[in-house]
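K.L.:
Structure provided below as structure tokens; questions to follow.
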Amino acid sequence: MLTAFARAFKTPDLRKKLLFTLGIIVVYRLGTHIPIPGVDYKNVQECVDQASGNQGLFGLVNMFSGGALLQITVFALGIMPYITASIILQLLTVVIPRLEALKKEGQAGTAKITQYTRYLTVALAILQGTGLVATARSGALFSGCTVAGQIVPDQAIFTTVVMVICMTAGTCVVMWLGELITDRGIGNGMSILMFISIAATFPSALWAIKKQGELADGWIEFGTVILVGLVMVGLVVFVEQAQRRIPVQYAKRMIGRRSYGGTSTYIPLKVNQAGVIPVIFASSLLYIPALIVQFSNSTAGWATWITKNLADTAATPHIILYFFLIVFFAFFYVAISFNPEEVADNMKKYGGFIPGIRAGRPTAEYLSYVLNRITWPGSLYLGLIALVPTMALAGFGANQNFPFGGTSILIIVGVGLETVKQIESQLQQRNYEGFLR
């Protein structure tokens, strides 16, 4: 692998892409520390110190922003508005015929959907920025902090508007940086920024576990967590690479004096076809009712029930509902992202067939059957990998922001593998050996 990295840097265009990507990452990390007007950062730091790693409701969003959310910086919202907008557009594509038609128009349609995603991202950034500022002003952002109500000293409307504008502009810059990486760098830009945001929280989270440990001054807990994390990474890599290959043959055809077809290939169906999307969907859904309770500041019976059973990640109802939501969204996302009828029609159009299966509708039914069977273990794996770390490592003072939690590991491994594969394909195009030998 080190040799492959060396070869990548020796290739001028690859070196340029890698250095460009690294430069954008540096700019992104610098942006997470740029303050916005109207915030007393001395009080913010005091509240962060008092939180002692227990960041409550905002932990997931804080992880995706690389810790910028609870610091209330320009990039406080991170890429979460863009992720949410992308998910909403994907869902709307299924139910709105106009968007579905755009998706089938190729590059022009994709560009139009991307434009809609940008508009929706800005709208969501304004909403989320307003919610964050309102929460910070009320003191609910750090509920256990003694100076939480003094984070935003100036309660004027103008100050609030300026803060929201700064956060929205920061989200637009993050979106632009991600698109720059996609166009001129290595890998998918938004995925790379998400990877960096999560990885940036690892050192402080690990050190917090060491400080909270009691055995051998915390080093036993620290080492155990590292070991468990490595085992989990290995497991996730194994499952993410696992796939069912459906053999496909193409009939030989004579057009003029030339022979076409007669080749064999396969359709790769991954065990985890949905990726990390079901986990993000489930987390977002469970986040909404708890957020409503926090904004309403209600003490009614329904609010108490939600706080006790849904907002608490260690509560049994939360764990059960979270697991079933992940399984449901795994099947749902696979259904909207992989169309067996479309695949079968394309195979039939170009003379392809699955050995032993008739072309057309029987092929689509066979693909649906295989996909359903392979999605079951994939969805159960997603649910377990998202829950087991929380339950098994509760004794180490871990919370929903634990660095080796299901969501973070799935994203880190998934993005890492895709980026390495892209570099590998670029190397192989230049007759070099890649990483995955």
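Including glycine, each Cβ sits where the backbone N, Cα and C put it.
Okay, so Swiss-Prot annotates it like this:
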type: TRANSMEM; residues: 19-39; note: transmembrane segment
type: TRANSMEM; residues: 69-89; note: transmembrane segment
type: TRANSMEM; residues: 122-142; note: transmembrane segment
type: TRANSMEM; residues: 157-177; note: transmembrane segment
type: TRANSMEM; residues: 189-209; note: transmembrane segment
type: TRANSMEM; residues: 219-239; note: transmembrane segment
type: TRANSMEM; residues: 275-295; note: transmembrane segment
type: TRANSMEM; residues: 318-338; note: transmembrane segment
type: TRANSMEM; residues: 378-398; note: transmembrane segment
type: TRANSMEM; residues: 400-420; note: transmembrane segment
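For each feature listed, report its degree of burial, its nearest neighbours and the pertinent distances within the displayed model.
P.N.:
Outside the transmembrane segment (19-39), and at least 6 residues removed from its termini, the chain residues within Cβ reach (under 8 Å) are 65-68, 71-76, 78, 136, 151-154, 159-160, 162-163, 166-167, 170, 173-174, 177, 180-181, 184-187, 189, 192-193, 196, 200.
Through the fold, the transmembrane segment (69-89) approaches residues 28, 31-36, 39, 41, 44, 48, 51, 55, 58, 61-62, 99, 113, 116-118, 120-122, 124-125, 128-129, 132, 136, 141-142, 151, 166-171, 173-175, 178, 190, 193-194, 197, 277, 280-281, 284 of its own chain, all at least 6 residues removed from its boundaries and within a Cβ separation under 8 Å.
Distant neighbours of the transmembrane segment (318-338): 90-91, 93-94, 269, 273-274, 277-279, 281-283, 285-286, 309-312, 371-372, 375, 378-380, 382-384, 386-387, 390-391; these residues of the same chain sit at least 6 beyond its ends, with a Cβ under 8 Å from one of its Cβ atoms.
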K.L.:
Among 122-142, 157-177, 275-295, which stretch has the most Cβ pairs under 8 Å to the transmembrane segment (189-209)?
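P.N.:
Looking only at 122-142, 157-177, 275-295, the most contacts with the transmembrane segment (189-209) come from 157-177.
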